[in-house]
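Structure record follows, encoded as structure tokens.
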Amino acid sequence: MCYFFKKIFPDNKSQTKEGRRLFMTLLYLIGLLIFVWSLLMAVIVVPDDWDAWAIWGAKAKVLALAQGPLENVIYFGHQDYPLLWPAVWAFSGWCSGGWEEHWSRGWGVLFMLLTAWQISTIIHRQTRHTKTALTGAILFLSIPMVPLVASWSYAEAPLWLMMTCCFGCLLRWRTDESKINLFLGALFAAAAAYTKNEGVLFALLGFLWVLATKSTRWRDAIFIYLIPFAILYAPWVYWTRISLDMSSHATVGLVFNTDAVMIALKRVPETMRLIGNMWLDIKQWNVVLGLIGLAMIFHLVKGKKHQWIDIMLPVSLLLGFLVIILFHSQNIGWQVGTSWNRLTIQAIPLFIIAIVINPSGFLKLSDGK
């Protein structure tokens, strides 16, 4: 979009100013339309989704009750599932003085909008280009699956926000070496872990990112990032794993013995075929995913050290998800069909930020403010 914008509006003062205003207005309009469409889907259409109605909504109602033990939340499926998302539903229900489920469902779209805003803020902080920052946010919103998944009232949208905020804090720490930014990154990593189990993997990869970025600051990585995260997440681990003696449903089958590895390797071709077909579906994805793929390959092959480290964070996240799926005992077609779209979106904000703040030669955006 920025490339064609520069071609349409040559670099003279009057046309550049007019074109910039038109371009920014267009981006804001696109973002507004996507937000309104997703909100209408969430609040009015309300997709008949079992997880949203019977699991997260039920857990939220338990949390909103004035009486009863907290462990009652385990009776509605996904027993070890973190409770930050149901707690948001419970809070909105409590604020309304009753239980207005439709408006509680609108939170997913709000978190989607906050994620887009955070993407724009992080890119602007790193590049000082307003158009570039806003374009990054709109690229995220323009992916068909993003507003659709946000309207489902899953815990996906708050997870996007927590992971994006964490990455933004880590990038600020790399720039100014402020320990408070590293600590804030640990807080958001813990919030991601309390939102979905995938957040734990992201938090650990964030620790590796910190070590790889500044290996001489390994003490800060341990004492300011890893230990605060562990302290914050420990109560949940104690309650679910020790007090309630529950195991993680997300890591079932994750055993690295010879038989398990051989079975997982045999599932790789079918898994890759299913993922490829899903990514090629224009109804779910658009050209943004293809651009991300090209830029990712370029960064991995030609990028500098910091570019390679940045892009490896979302790449490692997807690889981790892939390993869990390959070793899981469930049917591979069912797993990919029900989860891979959502897992892909979790990495998209990180990809967009890493690519736009480190533009390759063929991806450089306009230098206009």
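Backbone N, Cα and C define each Cβ position, glycine as well.
Source: prediction; values computed, not measured.
As given in TrEMBL:
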{"type": "TRANSMEM", "residues": "21-46", "note": "transmembrane segment"}
{"type": "TRANSMEM", "residues": "106-123", "note": "transmembrane segment"}
{"type": "TRANSMEM", "residues": "132-152", "note": "transmembrane segment"}
{"type": "TRANSMEM", "residues": "182-210", "note": "transmembrane segment"}
{"type": "TRANSMEM", "residues": "222-239", "note": "transmembrane segment"}
{"type": "TRANSMEM", "residues": "285-301", "note": "transmembrane segment"}
{"type": "TRANSMEM", "residues": "308-327", "note": "transmembrane segment"}
{"type": "TRANSMEM", "residues": "347-365", "note": "transmembrane segment"}
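Away from its own ends, the transmembrane segment (132-152) comes close to residues 1-2, 24, 27-28, 30-31, 34-35, 37-39, 41-42, 45, 47, 49, 52, 108-109, 111-112, 115-117, 119-124, 283-286, 288-289, 341-342, 344-345, 348-349, 352-353, 356, 365-366 of its chain (Cβ-Cβ under 8 Å, at least six residues beyond either end). A Cβ distance under 8 Å defines the sequence-distant neighbours of the transmembrane segment (106-123), meaning residues of its chain 6+ beyond its ends; these are 31, 35, 38-39, 42-43, 88-89, 92, 129, 132-134, 136-138, 140-141, 146-147, 149-154, 156-158, 160-161, 164-165, 167-168, 171, 349, 352-353, 356-357. In this chain, the transmembrane segment (222-239) lies out of contact with the transmembrane segment (285-301); the count of Cβ pairs under 8 Å, excluding pairs fewer than 6 apart in sequence, is fewer than 3. Non-local neighbours of the transmembrane segment (222-239) in the same chain are 82, 179, 182-183, 185-187, 189-190, 193-194, 200, 203, 206-207, 210; each lies 6+ residues outside the stretch with a CB under 8 Å from one of its CB atoms.
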